[in-house]
């Protein structure tokens with residue numbers, strides 16, 4: 001404790017108001033089980049939508065591992081995120097079939113539409129954009145997946161349209177609440 | 001009468017679920033009582049959503065079904081009994097032409113049974129092989145049968161399956177593990193996903209048989225987290241198998257115990273490598289280690305472990321049920337049986353196919369795949385993903401078997417087959433793969449970590465038009481250094497895309513460097529958009545669409561593109577109705 005690296009690391013992450021007590025069931029479930037670190041991290045991410053630094057520290061403490069090891073695993077795998085995500089996560093497929101069928105142009109259109117780069121979240125917190133290696137829907141290339149639902153045979157225009165429709169839905173949803 | 005709707009990932013992406021609910025809605029409205037069965041992928045992904053109507057006269061397959069077609073199908077076919085010819089692509093009498101050349105062993109149930117019902121799998125002869133194995137055969141006899149079949153690992157390397165099993169069986173210790181590698185990381189491959197989504201029990205049955213053969217009582221399926229539907233269906237299948245005494249203690253009262261669990265991968269291509277996969281199973285960073293010892297001697301937590309991929313295990317029940325010799329009837333002398341391929345890219349009929357080994361690439365691409373989209377010129381087929389290579393037109397008559405494909409410089413791989421046409425730049429595709437391997441290198445070996453980065457830099461330089469002829473030499477030298485200096489398959493095979501394109505498409509590299517031209521017209525830095533004065537009618541469409549106002553011209557007069565302003569977005573070429581815009 002008291003290492004200055006901790007403070008520096010903490011500055012890089014948005015880590016406010018994380019209720020760590022929510023993690024108790026997960027930690028209890030895997031208590032004493034070796035080989036479960038990745039599962040713990042996956043379930044923690046399922047809980048918060050990302051891996052808060054304080055949660056990583058708690059996992060280290062409770063599983064008896066060094067913080068560096070937990071951080072190492074969390075940054076090794078593409079699935080783990082250390083920052084909060086938007087309400088909708090857009091996974092743009094960067095697979096071979098998508099590449100050959102023009103995913104680059106689709107990707108450019110999406111970035112333009114959202115005004116963010118892959119790996120970033122829009123300011124209003126609605127969309128997070130991410131690149132993935134392959135979604136396995138190659139015969140429908142180019143493909144993207146938004147919150148688990150796949151959209152195929154994309155063109156720059158159809159991709160924009162899909163995003164605008166979700167935005168529209170969000171806006172309407174908000175005004176309904178008001 | 002029954003209805004089958006394809007609800008694999010591809011079917012769902014094409015709108016299959018909406019079609020299903022439309023049927024349900026109409027049935028409710030009109031008081032029709034017909035069973036709707038959800039199946040996995042039949043492999044004709046370009047036809048999704050697919051609907052099969054099975055009546056007394058046989059099966060009729062409707063393709064690219066839309067909401068309005070559903071109403072017609074219900075009114076005409078279901079209520080009046082008149083199949084609608086114009087929408088039907090396949091019937092029992094006239095099956096899909098591309099199905100004729102296929103032999104479906106692994107995919108025997110995909111798209112036919114409901115993957116969420118164990119009863120369907122059992123009704124189609126499922127778990128009979130397991131019964132036979134547990135009641136009548138010794139583990140040694142099982143291994144012998146697999147040896148006779150000639151089955152080789154379908155994950156890419158083609159190692160004889162029986163040999164692995166035998167090694168794991170021979171290893172000392174009573175705690176052994178069986179692992180299924182379903183971390184299908186090759187971009188452009190979706191065989192394993194389709195098998196798990198369409199027929200999860202064939203994988204489970206294959207794994208139980210393998211466990212019995214080597215003497216393991218615990219198993220894991222290591223699945224990519226990117227395949228949520230596959231995980232869901234596999235979970236369900238495992239629960240059903242437990243309920244039917246096919247997993248757990250004393251399976252089918254044979255005294256044999258076997259537990260199966262799912263472990264989700266977390267997104268790392270290198271985890272397809274056996275030792276990295278084991279590290280990941282243990283909850284660590286997925287970094288490979290030196291072999292030997294092989295996993296068969298020292299695997300999961302140092303215990304003997306057998307790892308095969310999904311397709312390999314899915315073959316096993318068929319082999320044990322029908323006999324190894326029956327399996328060995330298909331294929332070539334050294335590559336027996338069939339192989340599943342994911343056909344994608346610039347191909348007319350993309351999807352999942354299964355062919356006997358030894359069929360030529362030409363037959364696969366033209367007879368089954370229907371040839372190239374928009375009838376363009378075939379340029380190359382990429383096999384084996386980032387570890388494989390590009391096979392050119394001259395070698396289209398290469399038979400699909402492990403040895404022949406290796407000879408071309410590509411590898412069989414897990415079965416991704418990406419077809420490329422004249423508009424695909426081979427330097428760019430090499431850059432694409434290197435970009436992938438460079439990102440996915442775990443960083444343990446210096447050559448793989450830094451060498452791939454340097455290769456990528458050279459390829460970027462060439463595609464941007466700044467390459468020199470010395471760069472090609474350096475690229476080649478790096479290829480061999482990375483091959484020699486890497487511990488695992490990822491690094492050893494990462495240079496394959498570069499090596500094969502340098503071998504077969506060197507002229508494209510030289511065109512980029514010497515003439516500063518991209519023959520495929522794909523590398524943005526090396527092309528310019530021009531307007532053909534004879535074809536341009538001055539409709540002004542292109543100048544209206546241009547995002548940077550780089551196109552000038554009066555109405556009804558030839559337009560001109562200002563090359564200094566042009567950002568090469570390609571909008572104009574798409575909008576022009578007179579084909580007046582071309583790239584140079």
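Cβ from N, Cα, C; glycine included.
What you see is a predicted model, and the numbers here were worked out from it, not measured in a lab.
Per TrEMBL, the feature [2Fe-2S] cluster binding site maps to A:93, A:98, A:134, A:138. Residue A:138 ([2Fe-2S] cluster binding site) has a Cβ environment of 33 other Cβ atoms inside 10 Å.
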(request) List the residues of the same chain that sit at least 6 positions away from residue A:134 ([2Fe-2S] cluster binding site) in sequence and have their Cβ under 8 Å from its Cβ, in sequence order, or write 'none'. (result) A:93, A:94, A:95, A:96, A:98
(request) For residue A:98 ([2Fe-2S] cluster binding site), list the number of other Cβ atoms lying within 10 Å of its Cβ atom. (result) 29
(request) Using DSSP reduced to three states, classify residue A:134 ([2Fe-2S] cluster binding site) as helix, strand or coil. (result) coil
